Ligand SMILES: Nc1ncnc2c1ncn2[C@@H]1O[C@H](COP(=O)(O)OP(=O)(O)OP(=O)(O)O)[C@@H](O)[C@H]1O
Ligand SMILES: [Zn+2]
């Protein structure tokens, strides 16, 4: 049948199986055979294979991106499973990158999937990113967000970044053409006030944002290879849903002259990032002021708490978690006083024991209460209710 049928536009680069697999998206005029080949010839690095990274990886693998890197040093935990949809119960304890690779390779055996079972750091990231066309930030902490952006700027790689918390999400494409980098938008790190593990996250919300990252990845791969010729306009996408789902996009400014990473007077060179860890860290993370240089407080262990409950049942026990968490599980001796209400408690005396989920919020509460009640003896429980479950009562639920 040679030379009789022409089904590859002269480029014999898709197999018959691939025609069948990608047919439904190839028939879109914005994609066609050239678009599918562009996806196949693209490589994407996904950093963080959690709530965002799982759906992002799933859709770009299914769509035929040729090479996909998965970078994450974490292992699958039970509390990941409600939202990190590539991992399953039988994979608890397994590396997230390896777990995701197993799923994705079965989804699309054509994909070339590489895993990096480590955390992105100033020491490894320059090397890893160099091999990819597009980078996805699917992590959950400020230090890593700055690091990924700075390394992308150094290599000139576009970055698709998203985040999600409770009922809200955000997405932005950084460092593409004249678009800004993450530092142009957020020049200074801020003290982190909350996180998914503190405030909660709903699977479909983070899944929506990860899916949007996959969509922007496909669009960007087409754009970079000249299939989509529309001009690129930098934007930030905001999603909010509780009563009504709301989408909003805002056009953003291009690169900032004053930016320490991408401006003309940039100071964040590769050698600075790689070899000045403490100076670099101060440019990526802000320690909350209230936690700095504070006097130590009195703390007790969960086992000491068990004795105290037995010996002094009438003393004051305060649980400073939010009411919804208190409602999930609690110790009956403890009265629920959320942190926001602690500021008005100025009538305490005697011994007061404070607890929270993991022993962080309780320390702030003790400091505040001690100032308001100088006559009282106030202390908290190391590791909070998590420590209680580990050391005293293994039946006490962890969440
Ligand atoms: N420096 C880093 N390099 C690679 N992956 C990272 C880095 N920092 C964070 N991550 C990964 O990003 C993912 C973020 O996932 P997600 O926000 O869903 O929460 P989690 O960290 O898995 O769980 P939780 O916040 O409940 O403890 C995690 O898998 C985490 O290991
Ligand atoms: Zn910049």
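Placement of Cβ uses the backbone N, Cα and C atoms for every residue, glycine included.
Annotations in TrEMBL come from automatic prediction, not curation.
Pulled from TrEMBL:
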type     : residues                                 : note
BINDING  : 51, 72, 79, 80, 81, 82, 83, 96, 140, 141 : ATP binding site
BINDING  : 181, 184, 259, 262                       : Zn(2+) binding site
ACT_SITE : 196                                      : active site, glycyl thioester intermediate
DOMAIN   : 311-397                                  : domain 'Rhodanese'
ACT_SITE : 356                                      : active site, cysteine persulfide intermediate
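Binding-site extent for ATP: residues 51, 72, 79, 80, 81, 82, 83, 96, 140, 141, maximum pairwise Cα distance 20 Å (rounded to the nearest whole number).
With helix defined as DSSP H, G or I and strand as E or B, the domain 'Rhodanese' (311-397) counts 31 helix, 16 strand, 40 coil. Around the Cβ of residue 83 (ATP binding site), a 10 Å sphere holds 22 further Cβ atoms from the protein chains shown.
Geometry remark: residue 356 (active site, cysteine persulfide intermediate) versus residue 184 (Zn(2+) binding site), CA distance 37 Å. When the binding-site residues 79, 81, 83, 181, 184, 259 are screened for a C-alpha within 10 angstroms of the C-alpha of residue 196 (active site, glycyl thioester intermediate), no residue qualifies. Among the recorded positions 140, 184, 262, 356, the residues whose Cβ lies under 6 Å from any atom of ligand 1 are, in sequence order, 140.
Comparing residue 140 (ATP binding site) with residue 262 (Zn(2+) binding site), their Cα atoms are 23 Å apart once rounded.
Closest to residue 259 (Zn(2+) binding site) in space, going by CA atoms and restricting to the binding-site residues 51, 79, 83, is 51.
Checked against ligand 2, the recorded positions 51, 79, 81, 83, 196, 259 give 259 as the ones with a Cβ under 6 Å from it, listed in sequence order.
Using Cα positions, the member of the binding-site residues 181, 184, 262 nearest to residue 83 (ATP binding site) is identified as 181. Across the fold, the C-alpha of residue 81 (ATP binding site) and the C-alpha of residue 181 (Zn(2+) binding site) stand 32 Å from each other. Within 10 Å of the C-beta of the residue listed as 'active site, glycyl thioester intermediate' there are 18 other C-beta atoms, taking all protein chains into account.
Every protein chain shown contributes to the tally, and the Cβ of residue 81 (ATP binding site) ends up with 15 other Cβ atoms within 10 Å. Taken as a whole, the domain 'Rhodanese' (311-397) shows an average pLDDT of 94 in this prediction.
Each residue in 149, 153, 175, 180, 182, 183, 185, 255, 256, 260, 261, 263 lies on the same chain as 181, 184, 259, 262 and has a C-beta within 8 Å of the C-beta centroid of that Zn(2+) site, without being one of the site residues.
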